[in-house]
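Quick notes on the structure that follows.
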Amino acid sequence: MQTRNTFSWTWIREEITRSISVSLMIYIITWSSISNAYPIFAQQNYENPREATGRIVCANCHLANKPVDIEVPQAVLPDTVFEAVVKIPYDMQLKQVLANGKKGALNVGAVLILPEGFELAPPDRISPEMKEKIGNLSFQNYRPNKKNILVIGPVPGQKYSEITFPILAPDPATNKDVHFLKYPIYVGGNRGRGQIYPDGSKSNNTVYNATAGGIISKILRKEKGGYEITIADASNGRQVIDIIPRGLELLVSEGESIKLDQPLTSNPNVGGFGQGDAEIVLQDPLRVQGLLFFLGSVVLAQIFLVLKKKQFEKVQLSEMNF
């Protein structure tokens with residue numbers, strides 16, 4: 001009985017360990033495949049997502065240029081919550097090459113660079129209507145100390161091609177670094193995977209070119225997908241092997257003569273990155289009240305002018321009758 005209990009506990013412990021290991025491997029593989037060239041890479045490699053030139057660093061990995069749009073109110077009052085809607089349009093029928101070489105739907109991601117003092121609205125300040133627009137999205141700060149820079153993604157593009165950010169406007173009365181001015185807002189949005197990793201290596205979502213000119217002497221299809229293309233360089237007699245990852249379509253065949261940098265594969269990329277900007281005014285409530293008072297005064301003056309004119313006309317009419 002003692003031996004049987006020991007065996008049972010040993011077997012259970014081994015099964016638990018095996019399950020944890022498998023789960024961890026699945027998580028790592030899944031995370032690696034979906035996070036390629038998404039905001040996590042920018043967060044890991046750049047202190048600020050916007051370079052001094054105005055270029056957003058996501059463009060370093062997403063080489064294709066695609067449109068993105070942002071809608072914000074023209075003006076907001078201090079300590080109020082407003083919507084910043086980022087639109088990332090694309091053809092929903094398109095499929096992209098995934099890291100495993102298969103075809104799948106496109107994901108989207110975005111980075112929103114707000115003026116200093118503006119930040120993500122706390123949940124208790126977000127209205128039910130705005131929460132419905134946000135859906136299940138989970139936003140995060142680009143850095144713990146950069147609350148004005150928000151990132152999201154990757155998320156399913158078919159559901160979130162429009163992303164609503166709930167933003168809390170600052171109050172100059174409590175934040176002396178903020179003033180009642182017009183401020184710029186910058187946005188970057190991508191759909192689909194990137195072509196370049198931060199270390200400079202290529203993903204399988206881009207074109208692969210020949211690293212040498214010559215004759216293709218052999219094309220080996222690898223067991224797990226992808227190809228090894230052997231190029232015989234006639235100029236020096238050496239052989240060069242180009243590795244093509246899985247999921248790409250070859251444009252060349254054995255015996256074909258090719259040139260240096262000639263495309264070996266078609267371009268699988270159907271996504272891309274775009275950036276845009278908008279302006280927003282942090283409006284002084286006293287200025288609004290003053291404007292309303294001025295407009296009210298103008299309206300009253302017009303009314304009194306009309307009444308006075310009618311009174312004058314009556315006096316003139318009575319004098320003529322007399």
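Cβ coordinates are placed from backbone N, Cα and C, and glycine is handled just like the others.
A quick note: this is a predicted structure, and the numbers were derived from the prediction, not measured.
For 1-35, the entry in Swiss-Prot reads signal peptide, with the evidence type sequence analysis. Residues annotated as heme binding site in Swiss-Prot, with sequence analysis given as evidence: Y38, C58, C61, H62. Under the heading transmembrane segment, Swiss-Prot lists 288-308, citing sequence analysis as support.
Cβ neighbour count for H62 (heme binding site): 27 (other Cβ atoms within 10 Å of its Cβ, all protein chains included).
Neighbour count (other Cβ atoms within 10 Å of the Cβ, all protein chains): 25 for C58 (heme binding site).
Of all Cβ atoms in the protein chains displayed, 21 besides its own lie within 10 Å of the Cβ of C61 (heme binding site). C58 (heme binding site) carries a helical DSSP state (H, G or I).
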